[in-house]
Every structure is written in C-alpha cells, then in structure tokens.
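Each remark here refers to the structure printed beneath this line.
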Amino acid sequence: AEVLTSEQAEELHKHVIDGTRVFLVIAAIAHFLAFTLTPWLH
C-alpha cells in the first residue's frame with residue numbers, strides 16, 4: 001500500500017468525519033421519531 005501524504009490523510013479524515021456526522025444526525029432523527037411516534041419509554 002502506498003503511504004499517504006499528510007495532505008491526503010487530512011482530506012480522507014475530513015470525509016470520515018463528515019460521514020460520521022451525517023450518520024449521527026440521521027441516527028438521532030430516527031431515534032427521535034421512534035420515541036415520539038411509538039409508546040417506547042413513555
């Protein structure tokens with residue numbers, strides 16, 4: 001495997017962080033909807 005330069009590594013890291021944020025937002029919305037639309041934990 002070729003070694004990433006620091007610039008490439010930073011770019012890759014940004015994509016990973018963005019993907020994680022998107023996933024967390026979607027998960028949070030899904031949990032919120034599940035909480036409000038079902039008797040779950042009421």
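Note: Cβ is positioned from N, Cα and C throughout, glycine not excepted.
According to Swiss-Prot, the topological domain 'Cytoplasmic' annotation covers 1-14. According to Swiss-Prot, the bacteriochlorophyll binding site annotation covers H13, H31, on the basis of sequence analysis. Among the features that Swiss-Prot reports, transmembrane segment is placed at 15-37. If you look up Swiss-Prot, you'll see 38-42 marked as topological domain 'Periplasmic', on the strength of sequence analysis.
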Worksheet item: So, by DSSP, how many helix, strand and coil residues make up the topological domain 'Cytoplasmic' (1-14)?
Response: 9 helix, 0 strand, 5 coil
Worksheet entry | Local Cβ density at H31 (bacteriochlorophyll binding site) - other Cβ atoms counted within 10 Å | 11
Worksheet entry | For the topological domain 'Cytoplasmic' (1-14), the mean pLDDT of the predicted model | 90
